[in-house]
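The structure appears below as C-alpha cells.
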Amino acid sequence: MNPPVRLAEEVRAALAAGGPVVALETSVVAQGLPPPHNLEAARRCAAAVRAAGAVPAAVAVVAGAVVVGADDAALERLADPARRPAKASARDLAALCAAGRDAGTTVAATAAVAALAGIRVFATGGIGGVHRLAPGEPAAGAADVSADLAELARAPVCVVSAGPKAILDLAATAEALETLGVPVLGWRTSELPAFYSDGSGIALEHRVEDAAAAARVLRLHWDALGRREGVLLAVPPPEAVPREVVEAAIAAALEDARGRGIRGKAVTPFLLEAVSRATRGRARTANLALLERNASVAGEVAVALAADAA
C-alpha cells in the first residue's frame with residue numbers, strides 16, 4: 001500500500017529543520033472560487049506565506065494520494081471544473097484515496113492532515129460552522145453543522161481565518177466554539193470578524209497584537225497546558241464590505257437555495273457565488289484580499305512559533 005500522505009520535499013525539509021510551514025486548504029480552488037480567481041487565490045496565498053518567511057504547503061488529494069505541498073500542476077488539476085474534483089472533509093479522505101480521486105480539502109480535512117504532518121499553522125478564508133435556517137425552515141429540524149468545528153476541537157493547529165463564513169449563524173458558531181473548548185483570538189480586534197465584514201457584534205475575550213503574542217498563547221495552550229484543541233486566530237478582512245449589504249444578499253440567497261432544494265456540501269459555494277453576484281463582485285474582491293491577508297498573518301505566526309521553539 002502506498003503511503004497515504006506525501007510531503008513535498010521542501011515541506012519535508014522545513015519540518016525536519018523545525019522551520020516555519022503554513023498549511024493551505026484547496027477547496028477554495030476546487031469549489032470555492034470560479035476560474036481564474038481560484039488559481040489566482042492559491043498563488044497569492046502561497047506568495048504571501050513565502051513573503052512572511054515561511055514555506056507554503058497546499059493540502060490536496062491528487063490521484064488518490066494526500067499531498068502536503070501540492071505543486072502548480074496539482075492545483076491546475078483541481079481548478080479544472082471538467083475534472084469534477086471532489087470536496088473532501090476529514091471523513092472523506094480515506095474513501096477518496098481508495099478510489100484514486102482528486103479533491104480539494106476543506107478546513108476540517110486540511111486541519112486533520114496538517115496535524116498529522118506536524119504543521120501547526122494553517123491559513124484559510126473562513127471556517128465553517130452552524131448554518132442559518134432559511135426563511136420558513138422549522139427550528140426543530142436537524143441543524144446543519146460543519147465538520148470544521150469538530151476538527152478544530154481535536155486537531156492542534158492554529159487556524160488563521162477571517163472568522164466564520166458570513167453565510168453562517170455567527171452567534172451559534174461562536175457558542176459552539178466555546179462549548180468545544182476552542183480558543184478564539186482576535187488579531188488586533190476585540191470583535192469577531194464576519195468574513196466579508198470587519199465586525200459581527202460578537203465580542204471576543206482575547207486578542208493579540210502581533211505574531212509573537214499569538215505564538216506565546218499557542219505554546220502555552222499546547223505545550224505548557226497540554227491542550228489538544230486547535231486555536232482560531234480571527235483576522236479582520238482588509239477590504240471589508242458593509243455588513244448590511246452582505247446580510248441583504250445572504251437573506252436573498254438563502255431563500256433561493258431553499259427553493260432550489262440545495263443542501264449539504266453544495267450550500268456554501270452556492271451562497272458565496274450568489275453573494276458575489278448580489279454585491280457586484282465586491283464580495284469576491286474582499287474574499288481574495290482576506291485570503292491573502294490571512295496567509296500573510298499565518299506566515300508571521302509560523303515564523304514566530306518556530307523561533308519560539310528554537
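Keep in mind that glycine also has a Cβ here, set from the backbone N, Cα and C atoms.
Sequence annotations record features per position, and here Swiss-Prot assigns active site, proton donor to E25 based on sequence analysis. The active site, nucleophile annotation in Swiss-Prot covers K165 and is backed by sequence analysis. The substrate binding site feature in Swiss-Prot is assigned to K87, V107, S146, A147, D148; the stated evidence is sequence analysis. The Mn(2+) binding site annotation in Swiss-Prot covers D144.
Report note: the substrate site is defined by K87, V107, S146, A147, D148, and the residues of the same chain whose CB lies within 8 Å of the CB centroid of those residues, excluding them, are S89, A90, T106, A108, A109, I127, G128, E151. Within 10 Å of its Cβ, the residue among the recorded positions E25, D144 with the fewest other Cβ atoms is D144. When secondary structure is read from DSSP and collapsed to three states, S146 (substrate binding site) falls in the coil class. Considering other CB atoms within 10 Å as the measure, the emptiest surroundings among the binding-site residues V107, A147 are those of A147. A Cα-Cα distance of 12 Å separates D148 (substrate binding site) from the residue listed as 'active site, proton donor'. Applying an 8 A CB threshold to same-chain residues 6+ apart, the list for the residue listed as 'active site, nucleophile' reads G125, G126, I127, G128, G129, F195, T268, L272. Remark: S146 (substrate binding site) has V107, A108, I127, G128, G129, V130, H131, L168 as non-local neighbours, by Cβ distance under 8 Å and separation of at least 6 in sequence. Listed in sequence order, S27, A30, Q31, A103, G104, T106, K265 are the same-chain residues at least 6 apart in sequence whose CB falls under 8 Å from the CB of K87 (substrate binding site).
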